[in-house]
Amino acid sequence: MATESEPGRRRRCCTQDALDVPKVPECRGDGDTPRRGSFCDHHCAAINNVQGDLSDLGCHQHRPRVHAGRSAVGCAGSGVLGGPTPPGTPVSPAAVSPLPCCQQHSEEVCESCVVKTTLTAENAVEANKLSNNYKFGFKKWKSHVTARPWEDRSEIVKELYSDLNVIRGSGGSTVTCGNVLYLLLFGWWLSLLYVLVAAVMFVTVVGAPYGRLCWDLAGYFLWPFGKVIQKVEAPKSRRALGACEAGAEVSGAGESSALLGGPVPRRWRPRCWVDEGYWQRAGTVAWLCLGYPALALAHGLVCVTAWLLVFLIPVAKLSARTAARVLLLPPEQVHVRRLRMTEVPLDAEVILCCYRAVNPYYYKYAVDGINVFAVNLLPLVLVTLVLGYVDSHNRLTSSPVKFTLALLSIMPLSYYIGMAIASISAQSNFAVGAVVNATFGSITELTFYITALIKGSREGNRCYAEIVKSALTGTLVGCVLFVPGLCMVIGGIRHQEQRFNSRSAGVSSALLFLSVGGVFAPTLFSKVYGKLVCGECHNITQNPLGHYLCQNCHFDLMENNGTLYYSHVQPLVYTVSLLLPAAYLIGLFFTLKTHSHIYDIHISDCHMPGHHHSAVVHWSRWRALVILLLSTLCMSACADLATEHISPILTNSTISQYFIGVTVLAMVPELPEIVNGIQFALQNNLSLSIEIGNCIAVQVCMLQIPILVLFTIFYPTNFTLVFSDLHVYASMFSVVLMNYIFMDGKCDYFQGTVLVMVYFILLAVYFFAPSPSGC
C-alpha cells in the first residue's frame with residue numbers, strides 16, 4: 001500500500017530480525033504537510049523501510065533500526081483482522097491494517113508520536129536507558145541494564161546459557177577445529193590422569209568399581225563429543241531419590257543458570273543423589289581419599305582456564321559438572337555411551353552431553369548483566385593492587401610490569417563505572433542522571449591526570465605535565481578520528497551506506513570548534529607575544545651572518561619576572577576555563593530543553609498483548625552506587641600505581657613521550673566506549689557511534705581541562721594551558737576533517753578508512769617526534 005506522498009513505493013516485510021530502535025521520519029509531500037495516518041501504519045512504515053534510502057523522499061532524519069527482539073508498538077505481529085501473525089511471516093502491503101493498533105490512544109496522541117523516534121524496549125527502565133543514549137552529555141551504553149525476557153532471546157543466545165544435557169539430532173561431524181583444540185589443550189592429559197587414577201583404584205581392590213568408572217571416563221574425556229554420561233537409577237533408591245528431588249529448589253534456564261548447569265538444590269546434599277549407606281562404603285572412602293582430590297583439582301584447573309579463554313566456556317561447564325556431580329555418584333549409576341545419529345537414550349537421566357568445545361558467540365555471555373570479559377579482568381585489579389602496594393620495592397616484579405598491570409586494570413574498572421552510571425541514570429529522574437553523568441562521566445581520565453600532576457609537582461619534574469597534555473590531545477584526536485572511523489569501517493562491512501542524524505552531530509561539531517579554539521587560545525597568544533628561546537645553537541656555515549641550527553627552542557613566557565605570563569597569559573587561561581564550562585551548560589540546555597526535538601525521542605507505551613514485562617534490573621540504584629564508589633576508589637589506586645611506575649618507562653624508553661601519552665595513556669581508558677560504539681555501528685545506529693566520540697572530545701575540552709586548571713589554583717603544579725605546536729596542529733586538523741566528513745549525514749567504510757588512516761599518520765608523527773622539553 002503506497003502512501004500519497006510516496007507513489008509506487010512498496011513496503012518491505014516486517015520481521016523480528018530488525019535491530020535497535022525504530023524511528024518514524026517526518027516525511028513531507030508536495031504540499032509540505034506532514035503525512036498523517038494511523039499509529040501503527042506509521043510505525044510499520046518506519047520498520048519496513050529500515051534499509052531504505054529516504055533522502056529522496058524528504059525524510060530529514062535518520063532512523064535507527066528496530067531493537068533486537070520485538071517491537072513494543074505491536075504492529076509487526078498484527079494481521080489483517082488484528083490477530084497475531086506468526087513470527088517471521090512476511091507482511092504484504094495489502095495485509096497491513098489501516099486501523100490503529102493501539103486503540104486506547106486517541107488520534108491526537110498518535111499523531112504526536114509519529115514524528116518522533118519511538119524507543120521500544122522490554123520495560124520502562126530499558127526505554128529510559130535508550131532515551132538517555134540520545135541525550136547530550138549522557139553516557140552512551142549498549143548493554144542491557146535489565147534482564148531480558150527469556151522468550152525474546154535468540155536461539156544462539158539461549159544456547160549459551162543452556163545446560164550440557166540436551167540431546168540434539170544429527171548435527172554433522174564432531175571433528176571440528178575447536179574440538180581438536182580441546183584435545184590438544186585438555187583432552188590427552190585428562191585422559192592420561194584418569195588412566196593413572198584407575199590403576200590406583202584397582203590396586204586398592206575395594207576401589208575397583210571406581211577404577212572401571214575412571215577407565216570409562218578416560219575414553220570419554222579424550223573425546224567427549226557425541227557421547228553422553230547417564231545416571232542409571234537403582235530400583236531401591238527411586239523412592240528416596242524422588243522425595244529428595246521433590247523438595248529441591250529448581251532453578252529455571254536463563255541468564256542466571258549456574259556454571260554447573262541443571263537443577264541446583266538450595267543446599268547441596270550428596271544424600272539426595274545416592275543411598276544413605278553409600279558414604280560408609282570402604283570403596284567410597286578410598287575413592288574420596290585417593291582418587292577424587294586429584295581429579296577434582298584437575299577439573300578445577302581446566303574449568304578456570306577454559307573460563308578465562310571465554311570461547312571455551314562449554315569445556316568449563318563440562319569440567320565443573322563432572323567434578324561436582326559425576327565423580328560423586330556411585331560408580332554403578334554412571335553409564336558412558338556413544339550416541340548414535342538416530343538414537344535417543346530413554347529411561348535414564350542425561351548428565352552430560354557435549355557436541356562442541358568452542359562457541360564463538362560466548363563474547364555475549366553475561367553474569368548478572370556483566371560481560372564475561374569484565375568478569376575475567378576483575379581478578380587482575382586485585383593482583384595489581386596487591387603487587388603494587390605490598391611489593392613496593394620491586395622484589396617480585398619490575399616497574400614496567402606494574403605499570404602495564406595498572407593500565408590494564410583501568411579497562412574493567414571503566415566498564416563497571418559506565419555500567420553503574422547507566423544503571424543509576426536509567427532508574428532515576430533526569431536531574432539525578434544529569435548529576436551522576438556530570439560527576440562521574442570523566443572520573444577515569446581525571447583520576448589519572450590529577451595523580452600524575454601531583455607526582456610531577458612533588459618531584460619537580462615537568463615531564464608529567466607534558467604527558468598529561470599529550471594524553472589530553474590523544475583523547476581528543478582519537479575520539480574525533482579513530483573512534484568514529486573505526487565504527488564506520490566495521491559498520492560499513494555489514495551495511496553498504498550508513499546514515500546518521502546530521503543535526504545532532506552538528507551541535508557536537510560546533511561545540512568542538514568552540515572548545516578547540518578556547519583551549520588553544522592561550523597557546524596561540526603565547527606564540528604571538530612570547531620570546532623564542534633556544535637551548536643550543538650551532539653555526540652550520542662558519543659565517544657569522546650565516547644560518548644557525550638551534551635545538552630545544554620554546555617561547556619563554558617568564559621574561560621580566562614572568563610579566564607576560566602572570567599579567568596576560570594566566571588571566572586568559574582563567575577566562576577560558578570559565579567560558580568553556582558555561583558553553584557546555586548552554587549546549588546542554590539547548591539540546592535537552594529548548595531544542596530537544598533535534599533527537600526526536602519518544603518513549604512508546606504501546607506493547608504487544610501478552611509481551612509486557614516488568615523491569616528486573618541487574619543492579620539496583622544502591623548496588624550500582626556502591627559499585628560506582630568502589631570502582632572509583634580502585635581507579636584512583638590503579639592510577640596512582642601507574643604514575644608511580646611510569647618514570648622508568650619515560651627515562652629509559654627510546655620511544656617519544658609524546659607517543660606514550662597520545663596512545664597508551666589516552667586510549668586505554670576509552671576501550672569500553674569504543675566497544676559500545678562498534679556495537680551501535682553494527683546495528684546500523686551510527687548516530688550513537690559518532691556521538692560517543694564527540695561527547696568525549698567535548699568533555700575533554702570543556703570539562704576536564706577547566707577542572708585541571710581549577711585544580712592547579714588550589715594545588716600548584718607544572719601544568720599550564722600552553723601546548724606544543726604539534727598538539728595544536730593535530731587537534732585542529734582532526735576537527736576540521738571530521739566536520740568535512742560529517743557534513744552530508746551519511747558515510748561508508750571508505751570515509752571511515754580515511755579517518756583511521758589520518759589517525760595512524762598522526763601517530764607516526766608523534767612516534768618520530770623528539771621528546772618534549774623537560775623530559
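The backbone N, Cα and C atoms fix where each Cβ goes, and this holds for glycine too.
The feature domain 'Inner membrane component' is assigned by TrEMBL to 177-227.
The transmembrane segment annotation in TrEMBL covers 180-203 (among others).
Per TrEMBL, the feature transmembrane segment maps to 285-313 (among others).
Under the heading transmembrane segment, TrEMBL lists 370-389 (among others).
Residues or ranges marked as transmembrane segment by TrEMBL: 401-418 (among others).
As annotated by TrEMBL, domain 'Sodium/calcium exchanger membrane region' applies to 401-520 (among others).
Counting same-chain residues at least six beyond the ends of the transmembrane segment (430-451), those with a Cβ under 8 angstroms from any Cβ of the stretch are 132, 137-139, 410, 413-414, 417, 420-421, 424, 468, 471-472, 475, 588, 592, 628, 632, 635-636, 639-640, 642-643, 665, 669, 699-700, 703-704, 707-708, 711. As annotated by TrEMBL, transmembrane segment applies to 430-451 (among others).
Under the heading transmembrane segment, TrEMBL lists 471-493 (among others). Long-range contacts of the transmembrane segment (471-493) within the same chain, counting only residues at least 6 positions beyond its ends with a Cβ under 8 Å from a Cβ of the stretch, are 445, 448-449, 512, 516, 661-663, 665-667, 670, 673-674, 677-678, 680-682, 684, 686, 689-690, 692-694, 696-697, 700-701, 704-705, 723, 727, 730-731, 734-735, 737-738, 747-756, 758-759, 762.
What TrEMBL records for 505-525 (among others) is transmembrane segment.
Within its own chain, the transmembrane segment (572-592) is flanked in space by residues 135-137, 430, 434, 504, 507, 511, 514-515, 518-519, 521-522, 525, 598-599, 698-699, 701-703, 705-706, 709-710, 720-721, which lie at least six positions past its ends and keep a Cβ under 8 Å from the stretch. Here TrEMBL flags 572-592 (among others) as transmembrane segment.
Summarising the annotation, TrEMBL assigns transmembrane segment to 624-643 (among others). Remote same-chain partners of the transmembrane segment (624-643), defined as residues 6 or more beyond its termini with a Cβ less than 8 Å from a stretch Cβ, comprise 381, 384-385, 388-389, 402-403, 405-407, 409-410, 413-414, 416-417, 419-421, 423-424, 427, 440, 443-444, 447-448, 451-452, 455, 464.
Residues or ranges marked as domain 'Sodium/calcium exchanger membrane region' by TrEMBL: 624-766 (among others).
Sequence annotations record features per position, and here TrEMBL assigns transmembrane segment to 655-675 (among others).
Taken from TrEMBL, the feature transmembrane segment applies to 696-715 (among others). Within its own chain, the transmembrane segment (696-715) is flanked in space by residues 137, 438, 441-442, 445-446, 449-450, 453-454, 457, 468, 472, 475-476, 479-480, 483, 508, 511-512, 515-516, 518-519, 573-574, 576-578, 580-581, 583-584, 587, 670, 673, 721, which lie at least six positions past its ends and keep a Cβ under 8 Å from the stretch.
Annotation source TrEMBL lists transmembrane segment at 721-742 (among others).
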If you run through the domain 'Inner membrane component' (177-227) with DSSP, how many residues end up as helix, strand and coil? 42 helix, 2 strand, 7 coil
Could you give me three numbers for the domain 'Sodium/calcium exchanger membrane region' (401-520), the DSSP helix, strand and coil residue counts? 104 helix, 2 strand, 14 coil
